[in-house]
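Asks: Starting off with a structure, shown below.
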């Protein structure tokens, strides 16, 4: 059984889906005013791995995520560039897709923009006002935080401390408009004619950030959902406010399991755009030749733990991934000459390590322990490939096991590294023939020719092997 760490309870809990065999999952997406950085990608990949493992375990996952495409940061960026807000939002929403496709992040079942649900947001706010949880003030609409019992419990925030901190951040006008400093905006009045806005019962304005996710989760999933994910920095105030407004409206539990991923750190500081210590995925993909190495690094650290990012961590990830690819390749090349049948002891070891992988992933998606099981399969693969004789069923089972488990991490393409052009394949075949008649001069010439094409050839006791440089 899968157990997950629920931020709300601060405990690992057995996972029980609301509907057996199906999971409703919402994950906060980016505010589209810039290219995503590695920290943003870490969150997207962490929950992509969780989704993949749930699917591997037999669940059908309805995965919803969003683009926040109306926000102060987007408005500011639009003013700086002299364009309208939707031009900025469209540009960086498209960039998100372009950056996440090479990282093999599965498309959401539904990816909604906040601006696509404005009527739903207005109806949601009207319900909150009707129930006494929200009030209009000078065109803004605020949520009465203290009216909601348990406000702040997700992030273990103390009300008095929150009130003091909020009061210190607000100017006199904001303090005058609010009944209480910790009340938060669910609708913001428009204060400029050149600012994006919509007509509402309270005048022209736009939604507050927090209400957007509440509306989309309920619209595309349900009033109560199984899993809500996001970075740990979203626990307060974003997810705290989502809980308050969602449960105030429906009277039902909003989310059964709250999951939060850890930061990506640079020199022990959180990577963020505000600190200016970020590296965009866009830049990394432009300068790094293998996106799966980036994916591997971000996928194989347990999702709640921080990642210290540095160039040498990428090189370590590259080396580890190459070990896996090499082991896969070693067995793959033996399949064509393998004997019919299977080896019971190796089959048993394969099944044992698949079971260990599942045990690790069942324990709050512990990818660090799960990858250790894959490296046990790597050892088995290398040892098996070095035998004088191997069996077809076992060799096939071994390559499938490695590929299937790596696919849970979203690190695919093991077999893609074994594809060749027709020209390269012809040279390899010619080299086999040359060695068969002991024409080693021609064999060496062909090896050099293949090397110039980026293909490294090795001669082993089991025959010729190759890999891309």
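Heads up, the Cβ atoms here are built off N, Cα and C, so glycines get one too.
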Asks: For which of the residue intervals 270-274, 275-279, 280-284 does Swiss-Prot record motif ''KMSKS' region'?
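Replies: Going through 270-274, 275-279, 280-284 one by one, Swiss-Prot gives motif ''KMSKS' region' for 270-274.
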Asks: Would you mind telling me which of 8-18, 19-29, 30-40 Swiss-Prot tags as motif ''HIGH' region'?
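Replies: Based on what Swiss-Prot states, motif ''HIGH' region' spans 30-40.
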Asks: Would you list the other residues of this chain near Zn(2+) - those whose C-beta lies within 8 angstroms of the C-beta centroid of 28, 213, 238, 242 - in sequence order?
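Replies: Nearby residues not in the site list: 209, 210, 212, 214, 228, 230, 234, 239, 241.
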Asks: Tell me the coarse DSSP state (helix, strand, coil) of residue 28 (Zn(2+) binding site).
Replies: coil
Asks: Where among the binding-site residues 28, 213 do you find the Cβ with the fewest other Cβ atoms within 10 Å?
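Replies: Candidates: the binding-site residues 28, 213. Fewest Cβ atoms within 10 Å: 28.
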Asks: Need the DSSP three-state call for residue 242 (Zn(2+) binding site) to compare against my parser.
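Replies: The residue in question, residue 242 (Zn(2+) binding site), is helix (DSSP, three-state).
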